[in-house]
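Participant: Dropping the structure in here first, questions after.
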Ligand code: IYR
């Protein structure tokens, strides 16, 4: 796979295509980053952007993981001491998951975000941004009803992190896109380049196929899950025999989360997928690509129950090293 394909595969969006092409032309030594509010245990949402970081490392990029302790504090996730402690655990979880330790730099937000220069630049961005704009940027990041001043400062700090970390590419889920668009607009006002960004898709809730899977609502998979937990969650997952299910009766869009997890989590990390089946049901099936597996589900050649059995097996393989690390 060439660098451009590694960088862009499974991305929902890149901003801009021309800037990504320039990075793909000469990826060696370029730096990409993702920021995470520390939560200690990795869940499937973190794993999706981590997969992209692994792709980028394979393409020649160096990677920074920002453990965004100050951001988590501003987003009301607990006391600063608790958050700092959680951040330490997260580092080991990422390495267990498969980030290349020799080229991943872990940075705590508080290591640079409390410096004088950063603070003054932040105030300059505050002068350039309306409250309404900051609030819109946060719409898919905060869950609270009333916006606090801290949550308006949050996206401006996220924008400022990009030049302060000296990265060439900002990566995040689609829920981060409005922050990155804000960054493109406001950073030039303090003589910084508008950043290039790449956004990963949001996956539907495993149980219902609706909306997006997150740690706080619906069914999620995390490094704390035992093999039995994974089997039972996957077994109960919504999996009609199609990649494009009908909306619910009340008009809510649905996806097939079992296929999405194969597409965004399993195929990027394994060269081939084997679905084990007893001889009397036709024997094992072997897939080199996601499209072949999805086509067989659609045609009826692959039964949803067999697809789920294989999914639980591969998810368990992805999670086992992190589970082991947590037990140490
Ligand atoms: N907004 C992210 C956390 C975050 C991301 C980046 I990229 C930063 O520079 C800072 C914080 C979240 O929702 O987890």
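Note: Cβ is positioned from N, Cα and C throughout, glycine not excepted.
What TrEMBL lists as L-tyrosine binding site is 33, 154, 158, 161, 176. Residues or ranges marked as ATP binding site by TrEMBL: 215. What TrEMBL records for 193-225, 235-254 is region 'Disordered'. Taken from TrEMBL, the feature motif ''HIGH' region' applies to 38-46. Here TrEMBL flags 212-216 as motif ''KMSKS' region'.
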Participant: Could you tell me the maximum Cα-Cα distance in Å between the residues recorded as binding L-tyrosine, namely 33, 154, 158, 161, 176, rounded to a whole number?
Facilitator: 17
Participant: Counting across all protein chains present, how many other Cβ atoms fall within 10 Å of the Cβ of residue 176 (L-tyrosine binding site)?
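Facilitator: Its Cβ shell of radius 10 Å holds 23 other Cβ atoms.
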